[in-house]
Each structure stands twice: as C-alpha cells, then as structure tokens.
Amino acid sequence: MAQTTTLILLLATLLVAATTVSGQGPHIPLAPSPSVNEAMNCAAGLAVCLPAITQRGPPSQECCTAVETALTTQLSCLCGFIKSPMLLIPFNVTDFNALFSKTCGLTTDPNLCSETAAQAPLPKTAAPVPGAPKSDKDAASKLAGTGLVGIVVITIAAMFY
C-alpha cells in the first residue's frame with residue numbers, strides 16, 4: 001500500500017511540475033518540445049523503470065531497453081528527467097542519467113542535455129523582429145497536453161496497483 005501511495009505521489013508531483021514549467025511565460029525551447037503522443041509514449045515507456053527507482057534495485061532489461069529507446073528517439077522527454085533531478089529526490093535518486101547509464105551499460109555524453117547539445121539539432125530560423133514580446137498562443141494547448149499526459153500516466157500506474 002505504501003508503495004502504491006508513493007508511486008501516485010511521484011506521478012502527481014511530476015504532473016504538477018510539468019504543468020508549472022509549461023505554463024510559465026514565453027521562452028525559447030532548448031530542445032524541440034515533444035508532441036502529446038511522443039510525451040505519452042515516453043512516459044509510458046519509462047514507467048517500467050519505476051520499480052528500479054522506488055525499490056533502489058537494478059533496473060530490469062525492459063527498463064534498460066526503454067531508456068535506450070528514449071535516448072535515441074525521445075531525447076527531449078528523457079532530458080526532462082535528467083534536467084529536473086528534484087522530481088526524483090524523494091526516492092534518493094539525484095542523478096537519473098548516472099543511475100541508468102551505469103546499471104544498464106549505456107554510454108551517454110554528460111553534455112547530452114546541455115544547452116549547446118540541445119540546440120545543435122535545431123534548424124536555423126529567422127531572427128525575431130525586435131519589439132513587444134509575442135504572446136504564446138499555444139500555452140493552453142501545452143497545459144492541456146501536459147495534463148493529459150499526467151492523467152494517462154497516473155491511470156496506467158493505478159491499473160497496475
């Protein structure tokens with residue numbers, strides 16, 4: 001029962017943090033934001049790693065495969081966990097990247113989610129026109145997408161407990 005409560009608390013914390021971050025004022029994204037489908041796939045894929053995080057045991061092969069997949073196809077989602085270590089502090093995990101790269105045998109660049117690495121693959125765009133900042137017309141859809149992902153993750157977690 002305590003494990004279920006802890007898991008739901010973790011997922012709720014992740015949802016609140018993600019909603020707060022995506023609801024902040026205009027910003028320049030460092031890495032391309034994942035679409036709702038990509039975020040749902042990433043969160044669902046990494047859900048297999050929760051036992052390794054909560055029980056502090058070695059991750060399963062399924063978890064290692066999910067992290068490896070996220071490294072190659074869903075980097076912006078994985079960087080969200082790597083760049084927000086405060087989300088995992090209740091589980092005494094301070095370095096998400098080190099936890100899985102060491103135990104899964106994955107070799108990752110320590111600067112994988114740094115500003116320069118995250119900006120490198122972005123296509124060149126025209127410089128913004130000086131003047132008043134533009135309003136973020138997609139803010140509501142970002143908040144709705146984040147909330148939807150959170151609800152899906154919490155529902156999936158609740159189904160297994």
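Heads up, the Cβ atoms here are built off N, Cα and C, so glycines get one too.
Quick look at what Swiss-Prot annotates:
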type     : residues : note
SIGNAL   : 1-23     : signal peptide
DISULFID : C42-C79  : disulfide bond
DISULFID : C49-C63  : disulfide bond
DISULFID : C64-C104 : disulfide bond
DISULFID : C77-C113 : disulfide bond
CARBOHYD : N92      : N-linked glycosylation site
LIPID    : D138     : GPI-anchor amidated aspartate
For C64 (disulfide bond), the one of C49, C77, C79, C113 that lies nearest, given that the disulfide-bonded residues are compared by Cα: C49
For C63 (disulfide bond), the one of C77, C79, C104, C113 that lies nearest, given that the disulfide-bonded residues are compared by Cα: C104
Helix, strand or coil at C113 (disulfide bond) [DSSP, three-state]: coil
Rounded Cα-Cα span from C79 (disulfide bond) to C49 (disulfide bond), Å: 15
Other CB atoms within 10 A, centred on C113 (disulfide bond): 20
Nearest-integer angstrom distance between the alpha carbons (Cα) of C79 (disulfide bond) and C113 (disulfide bond): 6
C104 (disulfide bond) to C77 (disulfide bond) - Cα separation in whole Å: 19
Three-state secondary structure, which DSSP defines for C77 (disulfide bond): helix
